[in-house]
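Colleague: Sharing a structure below in structure tokens format, with a few things to ask.
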Amino acid sequence: MKISFLLLLAIVICSIGWTEAQFTNVSCSASSQCWPVCKKLFGTYRGKCMNSKCRCYS
């Protein structure tokens with residue numbers, strides 16, 4: 001029983017989709033300003049403005 005719980009816990013931890021964030025030095029005031037920056041630098045539109053800097057996700 002204990003082994004099956006540990007196995008289930010290991011499967012859940014391994015299946016979590018870790019998102020890799022990539023920081024930029026581009027200033028922003030809204031997340032929509034980061035979308036073209038992220039597309040140009042990393043090839044994805046997934047990004048948001050955090051602490052007045054663009055942060056892109058792959």
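Glycine residues also receive a Cβ, built from the backbone N, Cα and C atoms like all the rest.
Annotated signal peptide per Swiss-Prot: 1-21, in sequence order, evidence recorded as experimental evidence. Summarising the annotation, Swiss-Prot assigns pyrrolidone carboxylic acid to Gln22. Summarising the annotation, Swiss-Prot assigns disulfide bond to Cys28-Cys49, Cys34-Cys54, Cys38-Cys56. Under the heading site 'Basic residue of the functional dyad', Swiss-Prot lists Lys48. The feature site 'Aromatic residue of the functional dyad' is assigned by Swiss-Prot to Tyr57.
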Colleague: By a simple count, how many Cβ atoms lie within 10 Å of the Cβ of Cys54 (disulfide bond), its own Cβ left out?
Modeller: 23
Colleague: Sequence gap of 6 or more, Cβ distance under 8 Å: name the residues on the same chain that satisfy this around Cys49 (disulfide bond), in order along the sequence.
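Modeller: For Cys49 (disulfide bond), the qualifying residues are Cys28, Ser29, Ala30, Ser31, Gln33, Cys34, Arg55.
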Colleague: Where Cys54 (disulfide bond) and Lys48 (site 'Basic residue of the functional dyad') are concerned, what is their Cα separation in Å, rounded?
Modeller: 6
Colleague: Please report the distance from the Cα of Lys48 (site 'Basic residue of the functional dyad') to the Cα of Cys56 (disulfide bond), rounded to the nearest angstrom.
Modeller: 7
Colleague: Using DSSP and three states only, what is Cys49 (disulfide bond)?
Modeller: strand
Colleague: Return the residues near Cys56 (disulfide bond) by Cβ distance under 8 Å, restricted to its own chain and a separation of at least 6 in sequence.
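Modeller: Listed in sequence order: Ala21, Gln22, Phe23, Thr24, Cys34, Val37, Cys38, Leu41, Phe42, Thr44, Arg46, Gly47.
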Colleague: Have a look around Cys34 (disulfide bond) and count the other CB atoms within 10 A of its CB, chains all included.
Modeller: 23
Colleague: If you count CB neighbours within 10 Å, which one among the disulfide-bonded residues Cys28, Cys38 has the smallest count?
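Modeller: Ranked by other Cβ atoms within 10 Å, the disulfide-bonded residues Cys28, Cys38 bottom out at Cys28.
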Colleague: Give me the count of other Cβ atoms within 10 A of the Cβ belonging to Lys48 (site 'Basic residue of the functional dyad').
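Modeller: By my count, 17.
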